[in-house]
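Visitor: According to TrEMBL:
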DOMAIN    4-317  domain 'Adenosine deaminase'
BINDING   H9, H11, H189, D270  Zn(2+) binding site
ACT_SITE  E192  active site, proton donor
SITE      H213  site 'Important for catalytic activity'
BINDING   D271  substrate binding site
Amino acid sequence: MPLPKAELHLHIEGTLEPELAFELAARNGVELPYADSDELGKAYDFQDLQSFLNLYYELMAVLRTERDFEDLANAYLARAAAQGVRHAEIFFDPQAHIARGIPMGTVVEGLWRALGSSEQNHGVSTRLILCFLRDESAESALETLEAAKPYLDRITGVGLDSAEVGHPPVKFREVYEAAASLGLRRVAHAGEEGPPEYITEALDVLGVERVDHGLRCMESPELVERLVRERIPLTLCPLSNVRLRTVDTLADHPLPAMLDAGLVCTVNSDDPAYFGGYAGDNFDAVRSALGLNEDRLRELARNSFLASFLEDDEERRARYLAEVEAYEFS
Ligand code: HPA
Ligand code: ZN
């Protein structure tokens, strides 16, 4: 039995496995510029975040109907459940779909067809987080929040993703203020490729409660001290960092130093279909490459539930935390 955990940094579009991409392409009559899985596989050798994003956005062309989004989410939930994920807070990128003529309603309703029955079907509780694309304009983010208003009963929070450098958090001050006044929780990617200052800005200007990645905080001792003091969780994605060359090898990952510093770290998969592993695979990888002991692994699992947006269901959080404490490593 795998260690129970929550996944807090997961882009649903990043769970599109090549096999499902070809299946949906055939179903929807979409032509992909790759003959087969072998040829597509060659496109997964990424140099940086942007080179990954190019493929990520390209393959989204196959997602067209509610059923497509439902199938995508069910495939993820089944894989996540098998790796011990008990709770998943799932990002989606509506602007990337709206730009292709797929309305907000198709995306949210389709995802909800899977998420709404996920507890019964997969044993995984879920939350949905709408991400704004930071390389699009602030106006576009405001329009996207407006388009999401009919669906806010299904959306727990907002996030910020896509190309980071050159798109500082301050660009999205207004839309985050609007989201906060709608009662939405706030997170943002910061300090993946961008500088530590983006992490500080996400906290001070956007009011984020968790930082996605946040890896580059390690360049600023003052920032580390603040993150520790304020117990701001970081959603780390070790296999993603290796594949996007944010760290050279997994053995070089700062996770052990971050835990030693007292940071509230969690381990997540980001875009598992692109980066070589789901949540459990990331745990296994850091365990073997970094020699994390059982106390550290349990700490990571505990942190994942403590950092999750389960304030509306504390009974469930307590149940999950009890599962973590009772877990026996094999
Ligand atoms: N970083 C930024 N944006 C993203 C990512 C990521 O790892 N995955 C999907 N969108
Ligand atoms: Zn991400």
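Counting begins at 1 with the first residue displayed.
Even glycines carry a Cβ here, placed using N, Cα and C.
Any TrEMBL annotation is an automated prediction that lacks curation.
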Visitor: Can you list which of these recorded positions (H9, H11, H189, H213, D270, D271) have a Cβ closer than 6 Å to ligand 1?
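Guide: By the Cβ criterion, which requires under 6 Å to ligand 1, the hits are H11, H189, D270, D271.
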Visitor: Using only C-alpha positions, which one of H11, H213, D270, D271 is spatially nearest E192 (active site, proton donor)? These are the recorded positions in the record.
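Guide: It is H213, whose Cα lies nearest.
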Visitor: Starting from the Cβ centroid of H9, H11, H189, D270, the recorded Zn(2+) site, name every other residue in that chain with its Cβ within 8 Å, sequence order please.
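Guide: So the additional residues around the site are L10, G14, F91, D161, D212, H213, T235, C237, S240, N268, D271.
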Visitor: Report the member of E192, D270, D271 (the recorded positions) whose C-beta atom has the most other C-beta atoms within 10 angstroms.
Guide: D270
Visitor: Check the domain 'Adenosine deaminase' (4-317) for me and report the mean pLDDT.
Guide: 98
Visitor: For ligand 2, which among the recorded positions E192, H213, D270 have a CB under 6 Å from it?
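Guide: Within range of ligand 2: D270.
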Visitor: Given the residue listed as 'substrate binding site' and H213 (site 'Important for catalytic activity'), what distance in Å do their CA atoms have, once rounded to a whole number?
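Guide: H213 (site 'Important for catalytic activity') has its Cα 13 Å from the Cα of the residue listed as 'substrate binding site'.
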